[in-house]
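Among the features that Swiss-Prot reports, active site, phosphoserine intermediate is placed at S63, with the record citing sequence analysis. As annotated by Swiss-Prot, Mn(2+) 2 binding site applies to D12, S63, D432, H433. Marked as substrate binding site by Swiss-Prot: H122, R151, D152, R182, R188, R253, A254, D255, R256, K323. According to Swiss-Prot, the feature Mn(2+) 1 binding site maps to D390, H394, H451.
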Amino acid sequence: MNIKSVVLCILDGWGNGIENNKYNAISNANPPCWQYISSNYPKCSLSACGADVGLPGGQIGNSEVGHMNIGSGRVVIQSLQRINQEIGTIENNVNLQSFINDLKSKNGVCHIMGLVSDGGVHSHQKHISTLANKISQHGIKVVIHAFLDGRDTLPNSGKKCIQEFTKSIKGNDTRIATVSGRYYAMDRDNRWKRTIEAYEAIAFAKAPCHDNAVSLIENNYQNNITDEFIRPAVIGDYQGIKPEDGVLLANFRADRMIQLASILLGKTDYAKVAKFSSILSMMKYKEDLKIPYIFPPTSFADTLGQTIEDNKLRQLRIAETEKYAHVTFFFNCGKEEPFSGEERILIPSPKVQTYDLQPEMSAFELTEKLVEKIHSQEFALIVVNYANPDMVGHTGNIKAAEKAVLAVDDCLAKVLNAVKKSSNTALIVTADHGNVECMFDEENNTPHTAHTLNKVPFIVSCDNLKLRDGRLSDIAPTILQLLGIKKPNEMTGSSLISCITLCHSS
């Protein structure tokens with residue numbers, strides 16, 4: 001095929017929706033470049049959810065999961081599924097035992113903090129209640145710092161989740177101590193004021209006080225404030241973290257816990273840090289945080305990035321802040337350091353309260369740099385992520401989502417033009433999961449802010465090429481076939497190319 005370079009363009013949250021549905025921001029926007037490539041290049045559809053990406057059946061996919069499946073070239077059993085299978089038998093876990101023994105010896109309180117949600121993207125409330133119950137059985141007082149979702153779930157599902165969670169906490173000495181919307185507790189874009197506001201409620205009980213979590217949520221709903229944006233609050237007579245206490249970070253996904261964990265450990269410029277005795281996380285978060293964890297990470301051999309390195313080729317990863325970790329850490333399946341020959345470019349995301357206020361985000365700045373790198377012809381593989389469809393889709397604002405679609409489409413046209421002008425270069429356009437193609441939940445009569453179960457597109461800018469439907473783990477083998485590189489045995493995905501006659505970039 002004589003392809004020397006592949007540009008893998010991941011349109012984050014761009015799923016295959018119902019055409020001409022009034023809540024499909026893609027079809028509403030009628031993006032011209034998208035219509036062109038969909039009509040003129042080989043295409044197929046990929047499954048991006050459930051068992052096809054290593055999640056429980058019927059579970060929506062997400063960006064972490066999607067990028068790991070794409071980058072590894074295999075179905076990766078995800079943290080949610082793994083913990084579901086193993087959490088019932090974690091009593092013998094060495095790090096958990098050490099954590100419990102430290103609390104017992106000092107008569108400390110266990111502070112469990114995490115997203116109390118059934119969304120399954122960053123955490124699951126059943127994991128948190130199981131941990132609370134197992135720890136309280138040792139005579140340890142447990143307090144919960146509940147983060148509310150409304151982003152990977154319906155915007156006003158928090159009340160129901162908290163009610164169910166409260167019933168599931170069996171320990172007599174277990175209760176909810178603080179409540180915070182994830183907008184504050186789980187920021188990942190260096191909006192430190194948000195993180196500090198959540199931290200001060202958790203560490204020092206410095207926040208408005210309410211009698212119980214349900215009434216707090218109801219009061220916010222009455223003021224049109226949904227789960228994600230509920231300001232940190234103290235519940236009852238909670239007094240804060242004490243030196244003899246322990247902290248357990250219950251989210252299994254790392255990216256939205258790094259800032260809070262960094263403040264807890266005194267690794268930021270924030271001066272007033274509460275002392276505590278021990279800390280533990282559900283999964284490994286980040287090497288330099290040095291937090292013990294319950295479930296060790298899975299190692300991956302012969303990923304796409306590794307294979308490109310092994311063939312002594314160069315690769316580029318480029319994204320704006322919101323998705324930078326996905327094209328680097330997650331795409332490389334948990335490897336923090338770049339591969340040899342891997343260049344990384346971070347484009348700062350705009351500093352706005354929510355991205356419906358600036359739907360184009362930093363897509364144009366990103367594209368300018370990307371086009372420059374495509375023309376350089378330095379790289380065998382370029383991986384780029386456009387965050388707009390997902391980040392604006394999460395706001396539930398359909399008009400803004402349509403603007404986001406058009407902004408990305410404008411960028412896509414520039415990328416396609418650059419690829420056409422570069423010899424022996426192919427463009428792949430795909431997505432990691434759906435979102436922006438469904439902006440309203442008609443059944444519940446509420447904006448749809450979560451991901452979808454829809455398949456995602458896969459388009460290759462090659463003539464005379466036939467594709468078959470597949471799943472995200474088939475993308476890496478397809479890229480290797482285009483580049484004429486043998487697929488490693490560890491890659492269990494299969495190329496999506498079903499037939500080649502005379503393929504050339506176009």
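A Cβ is built for glycine as well, from the same backbone N, Cα and C atoms used for every other residue.
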Item to complete: Among the binding-site residues H122, D152, R188, A254, R256, H394, report those whose Cα falls within 10 Å of that of the residue listed as 'active site, phosphoserine intermediate'; none is a fine answer.
Response: none
Worksheet item: Going by C-alpha positions, which of the binding-site residues (D152, A254, R256, H394, H451) is nearest D432 (Mn(2+) 2 binding site)?
Response: H451
Fill in: Sparsest-packed among the binding-site residues, when each Cβ's other Cβ atoms within 10 Å are tallied, from D12, D152, D390, D432
D152
Fill in: Listed binding-site residues H122, R188, A254, R256, filtered to Cα within 10 Å of H451 (Mn(2+) 1 binding site)
none
Worksheet entry | Integer Å distance between the CA atoms belonging to D12 (Mn(2+) 2 binding site) and D390 (Mn(2+) 1 binding site) | 5
Discussion item. Is it possible to get the count of other C-beta atoms within 10 angstroms of the C-beta of H122 (substrate binding site)?
Written reply: 26
Response to the item:
Among the binding-site residues listed as D12, H394, H433, the Cα nearest the Cα of D152 (substrate binding site) belongs to H394
Response to the item:
Quick note, R188 (substrate binding site) and D12 (Mn(2+) 2 binding site): C-alpha atoms separated, nearest Å, by 17
Response to the item:
Densest Cβ environment (other Cβ within 10 Å) across the binding-site residues H394, H433, H451 belongs to H451
Worksheet item: What three-state class does DSSP give D390 (Mn(2+) 1 binding site)?
Response: helix
Worksheet entry | Environment of D390, H394, H451, the listed Mn(2+) 1 site - residues of the same chain whose CB lies within 8 A of the CB centroid | D12, G13, N62, S63, R151, D152, P389, M391, G393, H433, N435, V436, T449, A450
Worksheet entry | DSSP three-state assignment for D12 (Mn(2+) 2 binding site) | coil
